[in-house]
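Database features, via TrEMBL:
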type: DOMAIN; residues: 59-92; note: domain 'Alpha-D-phosphohexomutase alpha/beta/alpha'
type: BINDING; residues: Ser68, Asp279, Asp281, Asp283; note: Mg(2+) binding site
type: ACT_SITE; residues: Ser68; note: active site, phosphoserine intermediate
type: DOMAIN; residues: 117-176; note: domain 'Alpha-D-phosphohexomutase alpha/beta/alpha'
type: DOMAIN; residues: 181-286; note: domain 'Phosphoacetylglucosamine mutase AMG1'
type: DOMAIN; residues: 304-446; note: domain 'Phosphoacetylglucosamine mutase AMG1'
type: BINDING; residues: Glu379, Ala380, Asn381, Arg507, Pro508, Ser509, Gly510, Thr511, Arg516; note: substrate binding site
type: DOMAIN; residues: 464-536; note: domain 'Alpha-D-phosphohexomutase C-terminal'
Amino acid sequence: MEETQIASILKTSELYPIPQSIKLSYGTAGFRADASLLESTVYRVGILSSLRSLKLNSSTVGLMITASHNKVSDNGVKVSDPSGGMLSQEWEPFADQIANASSPKELVSLIKDFVEKKEIAIEKGGEVWLGRDTRLSGESLLRAAEIGVRSVLGSVAVDVGVLTTPQLHWMVRAKNKGLNATESDYFENLITSFKCLIGLIPVKLESSKLVLDGANGVGGLKMEVLIRSLSDIDVEIRNTGRDGGVLNEGVGADFVQKEKVVPLGFGLKDVGMRCASFDGDADRLVYFYIPSESCGGDKVELLDGDKILSLFALFIKEQLNIIGDEGKKCRLGVVQTAYANGASTDYVKEMGLEVVFAKTGVKHLHEKAEEFDVGIYFEANGHGTILFSECFLSWLVGKQKDYSEGSDKHNAVSRLVAVSNLINQAVGDALSGLLLVEVILQHMGWSVQKWNELYKDLPSKQVKVEVPDRTAVVTTSEETEALKPLGIQDAINGEIKKYQRGRAFIRPSGTEDVVRVYAEASTQEAADSLASSVAQLVKSFLGSS
């Protein structure tokens, strides 16, 4: 590295000294912590983003400042690769090293070694697009990111404003594909493909109102912009953050999914209504309704990521069936984690679809989904999307020309092409996901209650067991079985056999010395009992701390 480059990093890093006694680790969510502790980290991730861009021939890289569903006093930072996907896992250890470097000198030394090892030519200059959510702390953190990016001489930082996380990922992907990549282009893409799908509905019925919980975050504000251009959807948005509500406090997809109660601002007046929740940065979506038997009006029937996946799979399978023998050649697959409810897995398998399991974490699911012509993945928390292979998309576009316009086959192919444009193939996106759910429900003529009848979730229970050393537990790559300690899986299997529709697994936490236990069975009492007995096995094999 040139002396001028070293001097630039030394000078700017002195503006952002590292806080004492804090150690951060880059995971699926990037770095997250109390916002007051993050300036030095965000500055250093700015440097990393420039280097990532340079390594990839000055492709545009994204840097997003958000802490998603965390409390409002937290913030975070994560990097989008040029594909619109998450930062390559190969670079995560480097992210950890520079975030925790104790002095400017150590920081420069780490960067210098990494640049040499990865053979990064710094002379060209990289390009990084910076986005943030609505948190007040985002503005000063964005300034730190800009300084980090520009401390790599010749690199450019472009502030693209307040966005949802999926918007930034979509824009980065579009930019690197040579497409129009502004926020307006993102909205235009959603509007055009949604209208196309609405126009292809065989029998159009009047659609009922949807009530949306915006989590007092950026998603509700962006949805307001979007629905101004859509006449075929009636949405009432609550919890936009304008009425004094606090981001993620008693609201949002994470809260509704975990607590299975209504968010603030919802109650008895909404019994039977179709409702949905975004999380804080709008990359998660869940649906819910308040059943008529809910006495206080606070308990909900939840339609989580598994139910959304099942709806998407059903619709896509229907279109492929209409296309006929050629459509059946398409390799349509579903990717879930071990935490997916067993009833959803059974439902998808009964449809004749291939189901594969991936390690917990969106990047693992995304990777597996790329192996299919059409790969659908979701976590129960509502984060997921649909991926279409370039090869299959080209085939669809060719078939649009072959089939006569207005024929059933032409309509089915056109629907699939429109879905590929509507869904955000870079990352899970609550806005595009919501529009796809809404258009499929209209297409089917279904209420939210009818959708919920696809299958009934098996009762489940999750337990955390504190242990002296979580690394003693080693699982298969799908996390469905334990390989170590030796004998524990046989013991777990022995417990599972005692329960009708029993299933259980254990996995070590990624962040704390606990082992997580998941169990499900035909009744809640049985699921609780199975979870308890598996937790006891963990304690007897590993000891308890």
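Here the Cβ of each residue, glycine as well, is placed from N, Cα and C on the backbone.
Only residues 6 or more beyond the boundaries of the domain 'Alpha-D-phosphohexomutase alpha/beta/alpha' (59-92), in the same chain, are considered here, and those with a CB under 8 A from a CB of the stretch are 26-35, 38, 41-42, 45-46, 48-50, 52-53, 126-133, 135, 137-138, 141-142, 145, 149, 163, 165, 168-176, 215, 246-249, 252-255, 279-281, 283-284, 362-363, 366, 425-427.
Here the candidates are the binding-site residues Glu379, Asn381, Pro508, Gly510, Arg516, and by Cα distance the one nearest Asp279 (Mg(2+) binding site) turns out to be Asn381.
Applying an 8 A CB threshold to same-chain residues 6+ apart, the list for Gly510 (substrate binding site) reads Gly27.
Least packed by the Cβ count within 10 Å, out of the binding-site residues Ser68, Asn381, is Asn381. Take the Cα of Asn381 (substrate binding site) and measure to each of the binding-site residues Ser68, Asp281, Asp283: the nearest one is Asp283. Other than the site residues Ser68, Asp279, Asp281, Asp283, same-chain residues with C-beta atoms no more than 8 angstroms from the centre of those residues' C-beta atoms, the Mg(2+) site, are Thr66, His69, Thr164, Thr165, Gly217, Gly219, Ala253, Phe278, Gly280, Ala282, Arg284, His383, Ala430. Annotated pair Asp281 (Mg(2+) binding site) and Arg516 (substrate binding site), C-alpha to C-alpha distance, rounded: 26 Å.
Across the domain 'Alpha-D-phosphohexomutase C-terminal' (464-536), the model assigns an average pLDDT of 94. Looking only at other Cβ atoms within 10 Å, the busiest spot among the binding-site residues Asp281, Glu379 turns out to be Asp281. Cα spacing between Glu379 (substrate binding site) and Asp283 (Mg(2+) binding site): 12 Å, rounded to the nearest whole number. Sequence-distant neighbours of Arg516 (substrate binding site) (same chain, six or more apart, CB under 8 Å from its CB) are Gln462, Val463, Lys464, Val465, Ile506, Arg507, Pro508, Ser509, listed in sequence order. Applying an 8 A CB threshold to same-chain residues 6+ apart, the list for Asp283 (Mg(2+) binding site) reads Ser68, Thr164, Thr165, Pro166, His383, Val427, Gly428, Asp429, Ala430.
In the structure shown, across all protein chains, Asp279 is the one of the binding-site residues Asp279, Pro508 with the greatest number of other Cβ atoms within 10 Å.
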